[in-house]
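The domain 'ABC transmembrane type-1' feature in TrEMBL is assigned to A:95-301. Residues or ranges marked as transmembrane segment by TrEMBL: A:9-30, A:95-120, A:127-158, A:178-198, A:236-262, A:282-304.
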Amino acid sequence: MTRYLVRRAALLVGTLLLASIVLFVLLRLLPGDPANALLSVGATPDQVAAARHQIGTDRPLPAQFGHWLGQLATLHFGTSFVSSLPVGPEIVSRLAVTVPLTLAAFVLAVVVAVPVGFVAAHRSHTWYGAVVGVVSQLGIAVPAFWLGLLLVWVFALHLRVLPAGGFPPYGWSTPGDAMRALVLPVVTVALVMAASLIRYVRSATLDVLGSDHLRTARALGSSFVGAMWRHGVRNAAVPVVSVLGIELATTFLGAVVIESVFALPGLGSMLVRGIAQHDYPVIQGVLFVSTFAVLIVGFLADVAQRLIDPRLRTGRL
Amino acid sequence: MRRRVFLVAGIVLVLLVVTVALVSLFWTPFPAADTTGGRLEGPGAHHLLGTDKLGRDLLTRLMIGARIAMAVGAGAVALGALLGGLAGLLAAFANRWLDDTLAALLDILIAFPTLLLAMLVVAARGASLGSAIVAIGLAMAAIVARLTRVLAKRVLAMDYVTAARTSGLSWPRIVTAHVLPNIWPTLVVNLALQFGLAVLAEASLSYLGLGPPPPNASWGRLLQEAQSTVLTAPVGAIAPGVLLVVLVVGVNLLADGLRDVADPTRRRHR
C-alpha cells in the first residue's frame, strides 16, 4: 500500500506538471495581446513594448514558463496584468465561496442519493423503483442553471423566504447571511448531482443483488441486511466511489455557471472576468487551482477504492 | 418489452424537436429579428406563446433554438467522433511510449471540463455558432478518444487479430475488418449520450453569454434573458427549459434503447 501511495503521488505530481504545461501553452495560443488590456486606444509601439516588458510577456516562452513554475513552487500565483493585485489572495477569498458550495452540495447529494438509489434497486419492480427511474432520468437532462432559475422564482421571488442571489459583503463574518445566500445554490447543485448519483448507486446495487455470492449468503441463512452489510456494500461501493470522485470534481468546476445564476463571487466569476480581459495570471491561477483540486479528488478516490477492495491491492482481479 | 417502449418514446421525442428544427428552416410565425410585438405580451392569438422584452415572438425564437440545438449536437458529435476516433485508434496501435503519453494527455484534457475548454475557445474565436461547435466537439473528442482506445485495445488483444497481423494484414485493413465492426455499437451509444451533453453544454455556454448571438440565439440564451422577467412573463423562463429537457431525455432514452438492441446481454438486468 505504501509503495502504491508513493507511485500514485508521483503520478499526481507528474500529471500536475504536464497539466501546467498544457495550460500555459493553450493560453499562449489565444489570440489577443494582454498588453493591450493595459493601454488605451492609440498607444504608441513604444508604450506597447513597455507594457509588455512590465508584465513580462516580451520574454521567451520557456523563460515565462520557468518564472511561473518558480512562483507556483513557492505558492505564489503572480500578480494580475490588469489590477496589479496578487492573484493568490483573491483565489483564496473566492475559494471561501466555491468550496463550501461544492462540499455542502456534495454531502447533500450523497445523503439523498445513496438511500434512494439503494431502495430503488431493492424494490426495482415496484412503483417506487419506477418513479425513481423516471425522476433521475429527468434529473440528468435538466440543466443546472434552469433548475436554479426555477428555484429562485419559487423560493426567492414568490415565497420570499430566501435571497435570490448575491453574497453578503462581509462574507463569512456574517455566517447567518452567508449560509442563507448559499442555500438555493447548494440545493440546485445537489439535486442535479443526486439525479446522476442515484442511477449509479441503483445499478451498482442491482449488480450486487444479482450476484451469486449474495444469493449463497442468503441461502446460508443470513438476513438481507446482514448479507448486504457483509457481502454487498463493499462491492457496490467500488464503482460508486469512482463516480463520486468524478462528480465532486465536475461540480467544483461546474460552479462557474451556478455562481453566475446566483451572482456569487466565487472562482467561476473570477475566471470569466480573467478570460474577458486576457489576464493570463488570473486564468492560469484559477485553472491551476481547479486542476489541482480535480487531480487531488481523483487521487483520493483511487486510494479509497483500494482501501475498500482488497483485490485492487493484490492486483488479482 | 418495457425497454422497447422507452426506445420508441425516445425516437418520438427526438423526432419532435427535429421536426420543429426543420420547419424553422422554411417557416417561422415571425421573422427572427421582428420586434413589432408588444413587450412581454402573454400568450394570445397573435403571439401564441407571447413575446420577450424586446417584443420578439417567443415561439419563433424557440423554433430557431431547436435548430441551433440540433446543429450544435450534430456538429459537435461529428467533430468529436472524427477527431476522437482517430486519436483513440492511433493510441491503440501506437507503441507503448506513445500510447502512455496520449493516454496521460487525454486524462488531463478530460479533467479539464467541457465548459472551461469551451470558454477558452470562445475567448479566442469570439462567440458564434461555429465556436460553440468547435469548442464542445474538441472537448468531446478527448472523451471519445479514451473510449475508442480502450475498446480498440481490447479487440487488438484478441487471438484472431494476432493471426491477422502475422498473416501480414496492414493496419488500416485490421481497423476496417476487425476493430470497427466490434467497437461501433458501444461507440454509437456513447455518441448518442454525448449529443445530449453537447446540447446541455451549449445551453450553459449561451446562458453565460458565450453562445451564438441573437436574434439566432439558443435556448440557453433565451433562459438567461428571461431570468429577470420571470415574474411578469413566466412562459419565457419555462418553455426553453422544457424543450431542452425533452430533447435531452429523448436522446438519452434513444441511447438506452440502442444499447439494448446492440448488446442483448444487458437486457436481463432490468
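The backbone N, Cα and C atoms fix where each Cβ goes, and this holds for glycine too.
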Long-range environment of the transmembrane segment (A:236-262) - Cβ separation under 8 angstroms, sequence gap at least 6: 97-98, 101-102, 105-106, 109-110, 114, 144-145, 148-149, 152, 164-166, 181, 184-185, 188-189, 193, 196-197, 200-201, 204-205, 207-208, 268-269, 271-272, 290, 293-294, 297-298, 300-302, 304-305, 308-309, 312
Same-chain residues near the transmembrane segment (A:178-198), Cβ under 8 Å, at least 6 residues beyond its ends: 97, 100-102, 104-106, 108-110, 112-114, 116-117, 120, 132, 135-136, 138-140, 142, 144, 147-148, 151-152, 155-156, 162-168, 171-172, 240, 243-244, 247, 251, 254-255, 258-259, 261-262, 264
Stretch in A:95-120, A:127-158, A:282-304 most in contact with the transmembrane segment (A:9-30), if contact is a CB pair under 8 A: A:282-304
Other parts of the chain folded back onto the transmembrane segment (A:127-158), taken as Cβ under 8 Å at six or more residues beyond its ends: 116-117, 119-121, 164-165, 184-185, 187-189, 191-192, 194-196, 198-199, 202, 254, 257-258, 260-262
